[in-house]
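Taken straight from Swiss-Prot:
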| type | residues | note |
| --- | --- | --- |
| REPEAT | 27-62 | repeat 'TPR 1' |
| REPEAT | 63-96 | repeat 'TPR 2' |
| REPEAT | 97-130 | repeat 'TPR 3' |
| REPEAT | 131-164 | repeat 'TPR 4' |
| REPEAT | 165-198 | repeat 'TPR 5' |
| REPEAT | 199-232 | repeat 'TPR 6' |
| REPEAT | 268-301 | repeat 'TPR 7' |
| REPEAT | 302-335 | repeat 'TPR 8' |
Amino acid sequence: MIDKIIILYFYGDMRMNRKRTPRVDTLEAVANVLRAYRELFEGNLIKALYYVDKALELEPDFYLALFLKGLALSAKGEIKEAITTFEELLSYESKNPITWVFVGQLYGMSGNCDEALKCYNKALGIENRFLSAFLLKTICLEFLGEYDELLKCYNEVLTYTPNFVPMWVKKAEILRKLGRYEDALLCLNRALELKPHDKNALYLKGVLLKRMGKFREALECFKKLIDELNVKWIDAIRHAVSLMLALDDLKDAERYINIGLEIRKDDVALWYFKGELYERLGKLDEALKCYEKVIELQPHYIKALLSKARIYERQGNIEAAIEYYNKAVENIHKDHGE
């Protein structure tokens, strides 16, 4: 036991008094990087930065140390410092597309999409099928409203990954924004050929068909979402109810309204639809209660004010009708219900 202690002390003394060489510095730098990696993995960012700085004192151009430092700084929220670190790394090694993507993300997080785009283009110039760079580039282009470039980017990605359903859906969404409904519909049909139960594709197809005036086809999309796939998105339910009312499908409309109100009891649109439904069924007192609920939730909702006025007029309550017609006129610039 004593012998072992002496040996350990001896080797410890040798380490303390060894002559420094480039090889020794490199090995020690590697050891510090490994320690930094472990601390970073465990979420100890301060310790990770300590070890990575120790490594960089020994090897200032140690690529992995700089990369880990950039990661740790970005995890701490020190975005500017992280960008500086990654750019220092790029001054030594500019051919790594992953580094360009990280810098691009940091510029994006700081709101500088123009610089982010430059970084993603650099990454794609090195690796032209780098999917992460493409996806991040599309986010920037959409944020900047550069839709023509965005569509080119989608098309390029789809030449490499033609079965990538989310990209077909995103392309359709942009085409819809541009008013190119038929082209958008082609993209959604392609997405649904590849994945018949894709929720986003079905929802967007329903929205698109509704905009195109194809109410029955649109309703089938929302019904499939809600009834077959059990997707209880409140927006999908609202769309379905509005289509049912337009198609005079009143029985199903009431069922869907109740599904929606179970999810969100204070949904203004659904309470308004319920009032409209009861009004059509001749249940005027029930309709008035629903419209009153709408006004309680959103006092400036003109359609509800007008609907109450209309019912009072039908019932011969002219004084109440005039009151609500006047309220509607007074609130015409305050309405948030349209």
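One-based numbering along the chain as shown.
Keep in mind that glycine also has a Cβ here, set from the backbone N, Cα and C atoms.
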Long-range Cβ contacts under 8 Å made by the repeat 'TPR 1' (27-62), restricted to residues 6 or more beyond its ends, are 68-69, 71-73, 75-76, 92
So how many of the residues in the repeat 'TPR 7' (268-301) end up helix, strand or coil by DSSP?
-> 27 helix, 0 strand, 7 coil
So what's near the repeat 'TPR 3' (97-130) in sequence-distant terms, Cβ-Cβ under 8 Å and 6+ beyond its ends?
-> 67, 70-71, 74, 79-80, 82-83, 86-87, 89-90, 136-137, 139-141, 143-144, 160
Across the repeat 'TPR 6' (199-232), what is the average pLDDT of the model, as a whole number?
-> 97
Could you tell me how many residues in the repeat 'TPR 8' (302-335) are helical, how many are strand and how many are coil under DSSP?
-> 26 helix, 0 strand, 8 coil
